[in-house]
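Notes for the one structure printed next.
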C-alpha cells in the first residue's frame, strides 16, 4: 500500500533558518576582504544593522499581533541586516544606516505582508533610499589600506560612524585622502567621473586605485563573494541560473561595449570584479522571494539584471547600478513568471 499525501509533493529539506544561516556564512570571505582593505567599518555597520533589523522586526510583529520569537529566529531579518551592512560605505553615519534598515524591515518587507510576500528586495530598497536621499555620504568610501594616508583602527571606525571624526580628530573628508593627498573614490566612481570629464579609459585607469582586475581591494572583495557564491551553489542553497545569467550577460555586454568604444568603456574583467558585481549576483539577486521562480524565468531575470547593470554603469548617472537593476527586475518578475510558466500536462493551449 502507498500513502498518498496532499500537495505539494516536492520538499526542500533545509529549513528557512538553515538557508539564511548558510547565506550569512557564505558572506564571510567577502566581509573579511572588505575588513582587510577598508577597515572595521563594515563589521560595525553589520552589528548596528542587526540590532536595528531585529528591533524593527519585533516591533512590527507586536503591532501586527504575530508571534515574535519564531520570526526573529528564522534568520530573514538578520540576513537583510548583513546585506545592508555589506552594501553601505563602511563609515556611513550610524543614523543613516538605522534609517535604511528600519525602512527595509518595516516598509519594504512588512508593508507587503512579511516574509515571502515582499515584491522588492528589502536590502536594495534601503540602499536606493539612502543613495537618493544622501548621495554624498553614500559614495564616501575609504581608499584601500595600501594607498590610504591615515591608518584607521576599530576605535577610529566606530568614532567616525558615531561622531563624524576619528579618535585623532580627522574628518571623513580627510580620511578619504590617498597617500598622494588627493581625495579618493571607488574605481567605478573614479571611472565615471573621468569619462565625464572627457578623459579616455586608458588615462583614467592609470590612476593608482585601478591596480588589479577591478581596482585595489575590490578584486579581492569580489573574489571573496565569488567563493561564497560557489559555496551556496555547492550546498544547493541557490540556483545557478540567476548568477550565471547575470555574469554571462554582463560579460557579453561589457565585451561588446569595449570592442565598439575601447576609449570610453572599461574592460569586461573590470566590470566583473569591481563594485557589487559578485555580491549582487550571488547574494542579492538570488533572493527567493523577489526573484523569478521558473527555470526559464530565472535566466531571463538574470540577463535583464546583467544588461541593466552594464547600461546604467555606462550611460547612467550612478557609478554602480546593481541596486537599481535588481529593483527594476523585481518589478518585472510577475510578468516574467507568467510568460515562462511551465505548461501543465494535459492542459489546453489558449
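Placed from the backbone N, Cα and C atoms, the Cβ positions cover glycine too.
The transmembrane segment annotation in Swiss-Prot falls on one of the ranges 213-233, 318-338, namely 213-233. Taking every recorded stretch in 15-35, 36-56, 88-108, 122-142 and counting its Cβ pairs under 8 Å to the transmembrane segment (264-284), the highest total belongs to 15-35.
If one looks beyond the transmembrane segment (299-316) by at least 6 residues along the same chain, the residues whose Cβ comes under 8 Å of a Cβ in the stretch are 188, 192, 241-254, 257, 265, 271, 275, 277, 280, 285, 291-292, 322, 324-326, 328-329, 332-333, 336, 340. There are 24 other Cβ atoms within 10 Å of the Cβ belonging to residue 186 (FMN phosphoryl threonine). Of the candidate ranges 67-87, 122-142, 242-262, 67-87 has the most C-beta pairs within less than 8 angstroms of the transmembrane segment (36-56).
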